[in-house]
Amino acid sequence: MMDFFWISLGAIIGANLRYLVSRFSAKYLSADIPFGTFIVNLTGSFILGFFLALTLDRVEVDPRWRLFVAVGFCGAYTTFSTYSYETYMLLEQSDYGLAALNFICNNLFSLLAVIAGIVLARAI
């Protein structure tokens, strides 16, 4: 049950930080270009890669930290970070075909899902 607490705590922080970054970006960079999304996807991917490489390879940490940072914070901050890390792991395992398929499918089908959602919402 405590696992949910750590995930939720990380998610609260991640979601609020995403909101703040998006607001800041719209105000100071551009409201026309989604810089906020780009920034959270880029920084979230960096944070997840750095944290997992550090805690899986070099520093032993309580598993609850992984729940807090990787699942909670990065999950709420951006799901793109997990997708990026999983694609990297496929590349590291020399599974280039599956990495390419993962890359193409995630991008293409996510875009198609957004379009389908918009079309459905407009049809209602």
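We number each residue from 1, going along the chain as drawn.
Just so it is clear, glycine is given a Cβ too, placed from its N, Cα and C backbone atoms.
According to TrEMBL:
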| type | residues | note |
| --- | --- | --- |
| BINDING | Gly75, Thr78 | Na(+) binding site |
| TRANSMEM | 33-55 | transmembrane segment |
| TRANSMEM | 67-85 | transmembrane segment |
| TRANSMEM | 97-121 | transmembrane segment |
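Listed as Cβ neighbours of the transmembrane segment (33-55) (distance under 8 Å, sequence separation of 6 or more from its ends, same chain) are residues 17-18, 21-26, 61, 65-66, 69-70, 73-74, 77-78, 80-82, 84-85, 88. Gly75 (Na(+) binding site) carries a helical DSSP state (H, G or I).
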